[in-house]
Structure formats: structure tokens, C-alpha cells
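Here is the structure we will look at.
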Amino acid sequence: MSAPRIGVLALQGDVREHVRALREAGADAGEVRRAGELAELDGLVLPGGESTTIGRLLRVFDLLEPLRAAVAGGLPVFGSCAGMILLAQDVIDGRPGQPLIGGLDVVVRRNAFGRQVESFETDLVVDGVDGPAVHAVFIRAPWVEKAGDGVEVLARVADRPVAVRQGPLLATSFHPELTGDIRVHRLFVEIVRSELGLKRGRS
């Protein structure tokens with residue numbers, strides 16, 4: 001099977017780190033900045049950064065509606081930190097009118113673990129990730145305040161969900177691209193491959 005084509009939204013955040021991790025995990029990965037590139041992708045990563053800034057840039061580059069349509073159409077998407085916020089249905093402590101892509105049936109709390117001075121690292125057991133605990137880096141991170149029935153919680157910190165999955169959508173509060181451990185990215189690549197197999201089976 002050929003490598004799945006996975007784009008990393010290159011407006012802000014740890015774009016190169018995500019691209020490198022995806023390539024190591026077996027994907028044909030590259031940067032994405034234009035709506036027209038979405039149709040060429042088998043999957044997409046929304047990296048961390050500042051969620052309100054990214055939301056504004058999505059409007060500036062006319063990406064918001066195409067991304068909403070892509071998610072609604074079943075494109076597998078992995079959002080880390082700010083990416084989790086963008087995939088949420090609603091945000092607590094967000095800016096008024098903050099643009100969201102949606103698709104993931106969760107309500108998240110922005111900066112739930114505190115501002116940058118209160119960022120931290122910890123080891124997590126993540127369902128679907130084999131081997132030892134995942135070393136997770138949290139930077140002004142959100143958590144999931146409320147999850148719908150169709151959302152699978154993959155990991156928690158202090159009983160708060162920090163990694164979730166709903167069908168082809170995956171989201172983490174933490175930054176797996178910063179540690180050199182590619183297992184979360186490998187999980188997403190496996191999700192993309194599975195969706196490709198289902199799509200081929202339907203065609």
C-alpha cells in the first residue's frame with residue numbers, strides 16, 4: 001500500500017515537527033496552506049499555536065469553510081492543543097466569535113491547565129498506543145470539559161480527558177510532535193489507512 005498523503009496546516013505552530021513525525025510514521029507528509037490542496041489529501045494535522053490567531057488566519061486565507069466541509073465529508077484530522085480547540089463544537093473561555101472548524105462532539109476549556117508559566121510534562125497511558133507511557137508536553141493546554149456519547153477518551157490527566165477520538169478525528173491537549181516519540185502520529189497514520197481501506201471498499 002502506498003504511503004497516505006497527510007498535510008499539516010502551515011499557518012502557525014510546530015509544522016516542521018509534525019511533518020517529520022508523520023514521515024517517520026510512514027506518511028507522505030507536507031505543508032498545506034491553500035483550500036485547493038485539501039482535495040489531494042488523505043488526512044490533515046492541525047498543529048498547536050494560538051487558537052484565536054489560527055482562527056483569524058483561517059478566515060484570511062479562506063480556509064474555514066473548506067475545512068468544515070472536508071471534516072463533514074469524512075477527512076481524517078488530528079488536532080493537537082490549539083488543533084483540539086479548532087475541532088471542538090464549543091469552547092469555554094474562548095474569545096467571542098472565535099472561529100471553529102468543529103466536527104468533534106466535545107466542549108473544551110481553553111488554557112485549562114493555566115498559562116505558559118504553568119506548562120508541564122507528564123507520562124500518560126494512551127489507549128491505542130502500544131509500549132511504555134507516552135511522555136506528554138502540555139503548553140497552555142485545553143482539556144475536554146464534556147464529551148458526547150460517540151467520543152472515545154484515550155487518555156486523562158487529573159481525570160480530565162486530554163486525548164480523544166471520534167471516528168476519523170483524533171485530538172490531544174498535548175504536543176506529541178515535541179518529544180521525538182512518533183507513536184501518536186503512527187496511530188493517526190493507522191486511522192488514515194483504515195479510512196482509505198473503507199473508502200476503497202465502498203467504491
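The chain as shown is numbered from 1 upward.
Positions of Cβ are set from backbone N, Cα and C atoms, glycine also.
Copied from Swiss-Prot, the annotated features are:
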ACT_SITE  Cys81  active site, nucleophile
ACT_SITE  His175  active site, charge relay system
ACT_SITE  Glu177  active site, charge relay system
BINDING   Gly49, Glu50, Ser51, Arg110, Ile139, Arg140  L-glutamine binding site
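Of all residue pairs in Gly49, Glu50, Ser51, Arg110, Ile139, Arg140, the annotated binders of L-glutamine, the farthest apart have Cα atoms separated by 12 Å. Excluding Gly49, Glu50, Ser51, Arg110, Ile139, Arg140, which define the L-glutamine site, the same chain contributes Gly48, Cys81, Ala82, Ile85, Asn111, Ala141, Pro142 within 8 Å (Cβ to the Cβ centroid), listed in sequence order. Geometry remark: Ile139 (L-glutamine binding site) versus the residue listed as 'active site, nucleophile', CA distance 8 Å. Ranking the recorded positions Arg110, Arg140, His175 by how many Cβ atoms sit within 10 Å of each one's Cβ puts His175 at the top.
Neighbours of Arg110 (L-glutamine binding site) among the active-site residues Cys81, His175, Glu177, defined as a Cα within 10 Å of its Cα, are Cys81. Taking the Cα of Arg140 (L-glutamine binding site) as the reference point, the closest of the active-site residues Cys81, His175, Glu177 is Cys81.
Shown are the recorded positions Cys81, Ile139; of these, the residue with the fewest other Cβ atoms within 10 Å is Ile139. Ser51 (L-glutamine binding site) counts 29 other C-beta atoms within 10 Å of its own C-beta, drawing on all protein chains shown. Compared over the recorded positions Glu50, Glu177, the count of CB atoms lying within 10 A of a residue's CB peaks at Glu177. Cβ neighbour count for Gly49 (L-glutamine binding site) (all protein chains, 10 Å cutoff from its Cβ): 21.
Rounded to a whole value, the Cα-Cα separation of Gly49 (L-glutamine binding site) and His175 (active site, charge relay system) is 10 Å.
Neighbours of His175 (active site, charge relay system) among the recorded positions Glu50, Ser51, Cys81, defined as a Cα within 10 Å of its Cα, are Cys81.
Distance noted between the C-alpha atoms of Ser51 (L-glutamine binding site) and Cys81 (active site, nucleophile) is 8 Å.
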